[in-house]
Amino acid sequence: MATMLGATLLGLSLFLLNVAVSHGALQFGFYTGKCKGTDVETAIRGIVAARFAKDPSILPALLRMQFHDCFVRGCDASILLDVPNSEKQAGANQSVRGYELIDEIKAALEKACPGVVSCADIIIAAARDAVVMGGGRRYEVQTGRRDGTISRASDVNLPGPSISVSDAIRVFNGKGLSAEDMVLLLGGHTVGVTHCSFIMSRLYNFNGSGKPDPTMDSALVATLRRRCPQNLVVDSPVNLDQNASSANTVDNSFYNQILAKRGVLQIDQRIALDSATGATVVLLAGGRMDFSTRFGSSMVKLGAVEVLTGTQGEIRRSCRAPNKRTQSLGGDPFVIEPFVQEQLQSRAVVQQ
């Protein structure tokens, strides 16, 4: 039996090596006319709007989901998969949320046009819609992504909050994103929260000094110490934009805060102080570089990181599980598990 299966897989591999794999490209309006009369982006927007009306914090949740998905294996919805040792289980992703909203959108679109809309595209469009609902300017998103079938916690290596600016730039450059894109995408911290546990060292014992981080405004240190006492019992949330009137609005307030040394995360404060990024922060804070427009452009670039298109990947029936495929090569059909299928397709691409 094992010999027969091995021979069959070898045959399939040789078959795939001789098949021209067609890879398309992302495009605006990819789903136009493809969903039996349903406008895909309008349908997504309606479901996001209903959730946002009840829970505006879904905005930073979706921004984080897009970033965490695209920075690991590319924008392929691998973060959504419930498989053993998946990306969801990595420490950096433990607090990512919003999965049930993606499920709701996917279910509605599968009902309207089964097997058409990818989970990867749903993440991108939903995040854009939430940005608009949070006061940001609408930006057009490209679609046509397909979903990956692999999700591994061991692949998750996201930049942490204490990363240096030079290291962060290298990480972003590795994804095809510039230093300016990095500053703009960190501007997503105009909404959302961190928690006390992530900033305790800045408040009490920065670099083992027994003192707070000298780059943090002393008044902010005093405020945050009250919220995050040294004998921390409750890991309370802390707004990333310390302008209380703007903490839930997509605007350039965040940049004014970090120029005033009121950045909560270390990397946020560092981009205001570093010569490689400080000038961009000043332009954004003063409005000489329009944040809403440029943020949208950088989100589009982020959404194009290492995407699967054309015949790569698949359109998952459920965002939480890869599809199983039935193949037949002149005999009885058999099921190829998704990871085997992906490996065989990868070999086919390399050989072209």
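The backbone N, Cα and C atoms fix where each Cβ goes, glycine too.
TrEMBL does not curate its annotations; it predicts them automatically.
What TrEMBL lists as domain 'Plant heme peroxidase family profile' is 25-323.
Cys113 (disulfide bond) has a Cβ environment of 16 other Cβ atoms inside 10 Å. What TrEMBL records for Cys35-Cys113 (among others) is disulfide bond.
For Arg64 (site 'Transition state stabilizer'), the same-chain residues 6+ apart in sequence whose C-beta sits under 8 angstroms from its C-beta are Val96, Gly188, Gly192. What TrEMBL records for Arg64 is site 'Transition state stabilizer'.
Around Cys70 (disulfide bond), a 10 Å sphere centred on its CB holds 27 further CB atoms from the protein chains shown. Annotation comment: TrEMBL describes Cys70-Cys75 (among others) as disulfide bond.
Around the Cβ of Cys119 (disulfide bond), the number of neighbouring Cβ atoms within 10 Å comes to 29. Annotated disulfide bond per TrEMBL: Cys119-Cys319 (among others), in sequence order.
Using a 10 Å radius centred on the Cβ of Pro159 (substrate binding site) and all shown protein chains, the other Cβ atoms total 18. Here TrEMBL flags Pro159 as substrate binding site.
When other Cβ atoms within 10 Å of the Cβ of His189 (heme b binding site) are tallied across all protein chains shown, the result is 23. Annotation source TrEMBL lists heme b binding site at His189.
Using a 10 Å radius centred on the Cβ of Asp251 (Ca(2+) 2 binding site) and all shown protein chains, the other Cβ atoms total 19. Taken from TrEMBL, the feature Ca(2+) 2 binding site applies to Thr190, Asp241, Asp251.
The Cβ of Cys196 (disulfide bond) lies under 8 Å from the Cβ of Leu224, Arg227, Cys228, Leu232, Val234, Asp235, Ser236, Val238, each of which sits 6+ residues away along the same chain. Residues or ranges marked as disulfide bond by TrEMBL: Cys196-Cys228 (among others).
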What other residues of this chain sit with their CB within 8 A of the center of the CB atoms of Thr190, Asp241, Asp251, the recorded Ca(2+) 2 site?
Gly187, His189, Val191, Asn243, Ser246, Ala247, Thr249, Val250, Asn252, Ser253, Phe254
Spatially, and counting Cα to Cα, which of the recorded positions is closest to Pro159 (substrate binding site)? Options: Cys35, Cys113, Cys119, Asp241, Asp251.
Asp241
Taking only same-chain residues 6+ apart in sequence, whose CB is under 8 Å from that of Asp241 (Ca(2+) 2 binding site), what do you get?
His189, Thr190, Val191, Ala247, Ser253, Phe254, Gln257
Does Cys75 (disulfide bond) have same-chain partners at least 6 apart in sequence with Cβ under 8 Å from its own Cβ, and which are they?
Gln66, Asp69, Ala120, Ile123, Ile124, Arg145, Leu302, Gly303, Ala304, Val305, Glu306, Val307
Which one is closest to Cys70 (disulfide bond) in space, judged by CA to CA distance, out of the recorded positions Cys35, Cys113, Cys119, Asp251?
Cys119
